[in-house]
Amino acid sequence: MKADIHPVYEAIDATCSCGNVIKTRSTLTGPLSLDVCNECHPFYTGKQKTLDIGGRVDKFKSRFGAFGATKAKQD
């Protein structure tokens, strides 16, 4: 194997927008800024919102449900 072909893998601090600091290793130099982390992301904190899209489906079916259906023959 060739010597000195791999980048330096150093310990850095990744700082989240909420102030949480995570120590990690990377080829990047200097501190890293994160938008979200496990301390502030809604999925991990349990504050996630569940969207109810059932109303949209019902609205679509009411508008286009009969589209393409054959008309009943009149006697």
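Glycine too: its Cβ is placed from the backbone N, Cα and C atoms.
Listed in Swiss-Prot for this protein:
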| type | residues | note |
| --- | --- | --- |
| BINDING | CYS16, CYS18, CYS37, CYS40 | Zn(2+) binding site |
Output field, Zn(2+) shell: CB within 8 Å of site CB centroid, site CYS16, CYS18, CYS37, CYS40 dropped: SER17, GLY19, ASN20, LEU34, VAL36, ASN38, GLU39, HIS41
DSSP-derived class (H/G/I helix, E/B strand, else coil) of CYS16 (Zn(2+) binding site): strand
Same-chain residues at least 6 apart in sequence whose Cβ lies under 8 Å from CYS37 (Zn(2+) binding site): ALA14, CYS16, CYS18, ASN20, ILE22
CYS40 (Zn(2+) binding site) CB neighbourhood, other CB atoms within 10 A: 16
